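Visitor: Structure incoming, see below.
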Amino acid sequence: MTKFLAGAAIVLAVAFGSFFSQSSTVTPPAPRYLPNDWDSTCTISKSGAYEVYSGDNSFSTSSADHLSALKIHPNINSTNWEQWEFDGSSQTGLSSVLLVFSRDPSYSFFGQGNLRIEFYIALPDGKRVEVLDYLEESTVVHCPGRYTAGMWNSTDRSYSFRIDDNMKNAQLSFDSAKIHGKFNVTSDTSSALADGTLWTGKDDRKGVSELSPGLFYAVPIPGGFVQMDATLESGKRLVFKGKGGSTRLWAKAGWLNLCGGWKNIRGWAGPYTVVYWELISRINKGVKYTTGLLFRDGELLVGTRNGNISQTEDYTVFEDLYGGEVKGSFADQSTGHNLKFVSPDQEKEWSFDIEHMHSFVEFRAPGEDEYGNKGLGQSGFTNRVSGGEVGEDRAYEGRGITEKCRWPKEFGKLALAIASGAGFFGPKFQMIFIKVVSYLV
């Protein structure tokens, strides 16, 4: 079975071709290639598609370490992984982008290697672009005081990012047959840790980087202005301005071992920026872990990992909403959410309604979770966000994105064989198959 699936995955690999050339409206311009100005002060990690480090490697748990820098060095081993994530949506909410750079050995089972790019785009006409790509090599460079830069590349395609060390600007560039262009994020908020406190880089406080057992989380750019300028395979050009941010995740085990599902939100409404993660642990079975950030005009109002009502500590309250127009195809039929931030010390409460507008990614995950639930999978939406401080004279409106999923506990061999066979029917089925399985081990 293993040999069959690995062979099938190789046959299903997506072939990429020529590049597009198009002048860009994004400023400042993103670098097409990695900077060549590194020196002896820089940390450099280069990895081939199938490389894993033999033995124990350096795995960062310190809250003092730079959020964008390498968390695993000199390279991932057979169990741990890390990723850099960037996202944004347009002012209208009709367009969005989610781009994830991963070093992750959990899908090497399929012969595709360890270097994954996930690229999901919502288009104004309601269509979407879903790219799952595996690259031949990646290089990540961190030069203290200057930048972190990364490139995932093969002979005929590449994806790169560069983040200033003050984490105020991220520049992304991508060249492939599917999409060619640039995406920039300019922060108007301060970087934060999993416990909701702001990152200073000066002290190591135990446990504040860990979102749930085994999973570490940080928010280099909670919110900021984004610019997208890209040309699609069809020749269509996608240009928009809006808001978005970036997230860092690194972990000691694969997703299915760590959690049964999650929901995450990034959005804005008027002067407010909201970021929220909710995760159901499988290490501590069924325990819910949360983290939330609320900014106004770039200043942190509430930062907390407390998801329970309290008379003394700041907390969040998250609730799914139903009855709207846009929902996923799976058991989770929610059409949005309500997210509250409460601060007993400030004697204030803020409430935001988050309504799904448009789907940017969706796929089904066959199987059951540990509670016998079926209809599992992952969905992503652009959102309409409205709200503000409870008791204020006005409510603000903005946009954002949601990603939500529920994972099966395991996939039987028959289900995997069916999914593998489905890949022969086209790139969309192939993408669904490999994407789902990439989280299994």
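Each Cβ is built from the backbone N, Cα and C atoms, and glycine gets one as well.
As listed in Swiss-Prot for this protein:
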- Asn77: N-linked glycosylation site (CARBOHYD)
- Asn153: N-linked glycosylation site (CARBOHYD)
- Asn184: N-linked glycosylation site (CARBOHYD)
- Asn308: N-linked glycosylation site (CARBOHYD)
- 1-25: signal peptide (SIGNAL)
Visitor: Judged by the number of other CB atoms within 10 angstroms, which among Asn77, Asn153, Asn308 is the least packed of the glycosylation sites?
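Guide: Across Asn77, Asn153, Asn308, these glycosylation sites, the one with fewest Cβ atoms within 10 Å is Asn308.
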Visitor: How big is the gap, in Å, between the Cα of Asn153 (N-linked glycosylation site) and that of Asn184 (N-linked glycosylation site), rounded to a whole number?
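Guide: For Asn153 (N-linked glycosylation site) versus Asn184 (N-linked glycosylation site), the Cα atoms are 19 Å apart.
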Visitor: Rounded to a whole number, how many Å is the Cα of Asn184 (N-linked glycosylation site) away from the Cα of Asn308 (N-linked glycosylation site)?
Guide: 36
Visitor: Can you tell me the CA-to-CA distance separating Asn308 (N-linked glycosylation site) and Asn77 (N-linked glycosylation site), as a whole number of Å?
Guide: 36
